[in-house]
């Protein structure tokens, strides 16, 4: 097997007298091993690579490391530095004769990935980049590049004893490797830490984008100078041809794909033919640059940068990103790992070179960035964090190093040293940034403080005129399209009468997990400049779920504004609470983490992580919170249209602040002409009320009585039922008696002598409280939907201030 000119050079070469592997086997029953044939072997290799890299990513997740760190380490572990030292493993799993197929797939994945990276870079935004980002990018590039050139003379490749034709390419490769910033990895770190849309994040991304483009230009120069050339004019022809290719693409590509984009209306599926044309154009661009002598990935990157951004590019990303990121790209890390032999780093000089490279990379990047950032009047702490962020390495670093090694510019030892440097600099980025710059402190100066410490300027008015002037704002959170119908019916009921609907506003938030997919980062970059989700007034770039919710709201008279919150599920509650705080909402409604299966009459847990989200929102919310347990509310035949809308609502009132808030919310619904409200007041016997209650509970009971008395005088739309119970069995019977409705409203922490004595059972959902758990359990066979309400006890907007009921202070 010969050496590839522009492809990759396997670390373990196949002897020329060894025959190429056949594609498929006849099976083990014919005495043939699948490991001796190319196709079954590459399947095993892909599965092994994915299993190892994903396992490492899971282990590194608590340290909030980007997945690229796990993939680089996984490639090294599968290579000669670890498992590759086992001869039987190397000869059976990664034999030299199989590497051509694996290398081809890896480079195909790399080519498509660089196309996706190019799509993340918006030339329009770069044209608007301020002098601050340009200055920081220049300083963060030039100083480490210069220090990299000086450092390169500590390596034998730059000495006089080396190949003189390789000295200049080696110096450039070293300079690029030390000065490059991994744009994609940086974006994911910033998004993970919720810094992507802050001032610091925007400066970092703009500077990294400029850095990335400059690095690719320098890399193209280094590649054109490297290689075995028969004539000294060949590098010049390669360079000129590369420039001509870029100019031709700049003139042709945008026009062609803008024409195609106009033929694909937004909101409609993109035709298969257009997607094939786009992908073939990417492959042909890679073929062209490979034929020129640069590298195939350079053509794909140029196509991505010049590709018009919009719904057409979004559709292409959606179609290919999972295959590329999940299966093909990890193969490139393995091919890199098969070339990385850490055992070649031996002796004091070798380890000294490693330390020198790490110090040079960190010092040059951080000092260069900090010095210029301070001149641009960026605060010292933010300047240091900016320098650390700009020092992020990743896949682009590996690409530079692998091209250098494939073209015999870098030796095995130098290659291993540079790979370890890339891992170290990327690994330390997240912990240093977290130590210096807390995500909770990243709001703009004009935004003041975080939602946890802010006190609302709005006050709850006790006078009737003040209540009429106050607008009720509700934040609705959606997990999937199944939440649309039940939430829309709740919102239609909550809008109240025709007189109050003008003072009712709904904010709908689609909860989306932040992933390693490029589309996630591109969506995060569309949020507002202060780090909070952008509330979409023009309905642009909305998710399918929010668009469907808005379409459903048109049948009603509800005013809806939408947003898509993209965060790690562990911190997405911060987006919910921050948005509720910034919009001064009085109520947040969350979907239950289980979905109701109507045929089986049972719950199914789809995403258990959402239970933790609901708990954290209950703990940190700046307003009242409701959890909607949907058991067919969206399945009935009642339309959402205002003219013929009907909903039967029952409120179970035991006592306490949460029950009072649930009752007030029910009264708001009762203002709607299509809502029938029944309030069931459940109390214990007089002996239990006076003999068993302590002083504080007696005070709460008195507050409940005052509250109910005042409401009965002013609430004409509700029917009140009073029930006195002597045992918990009677409580269960009353609940069964009144569950013949569309939805039950209960408080999360209901008070009263009977609540504490409800049947003891395994509490699977503490966020629902004792009454909510009882209703959704098998103890009561019912399919009624439930809204569990928790009142906000701090200072801020409340549902109480939005309806004509008295405000009762909670002790």
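Including glycine, each Cβ sits where the backbone N, Cα and C put it.
Quick caveat, the model's predicted, so the values are computed rather than measured.
Swiss-Prot assigns the feature transmembrane segment to one of the listed ranges (384-404, 447-467), namely 384-404. Feature transmembrane segment, per Swiss-Prot, maps to range 167-187 of the set 167-187, 482-502. Recorded stretches compared: 33-53, 68-88, 207-227, 354-374, 415-435; the one with the most Cβ pairs under 8 Å to the transmembrane segment (233-253) is 207-227.
Between the transmembrane segment (68-88) and the transmembrane segment (136-156) there are fewer than 3 Cβ pairs closer than 8 Å, counting only residues 6 or more apart in sequence, so the two stretches are not in contact. Most Cβ pairs within less than 8 Å of the transmembrane segment (384-404), among stretches 33-53, 99-119, 136-156, 167-187, 354-374, belong to 167-187.
Beyond the ends of the transmembrane segment (136-156), by six or more residues, the same chain brings 162, 170-171, 174-179, 181, 203, 206-208, 210-211, 214-215, 218, 353, 356-357, 360-361, 363-365, 367-369, 371-373, 376, 386-387, 390, 411, 414 to within a C-beta distance below 8 angstroms of the stretch.
The stretch with the most CB contacts under 8 Å to the transmembrane segment (99-119), chosen from 207-227, 287-307, 354-374, 415-435, is 287-307.
Counting same-chain residues at least six beyond the ends of the transmembrane segment (354-374), those with a Cβ under 8 angstroms from any Cβ of the stretch are 135-136, 138-148, 151, 154, 178-179, 181, 207, 345, 380, 382-384, 386-388, 390-391, 393, 417-418, 420-421, 424-425.
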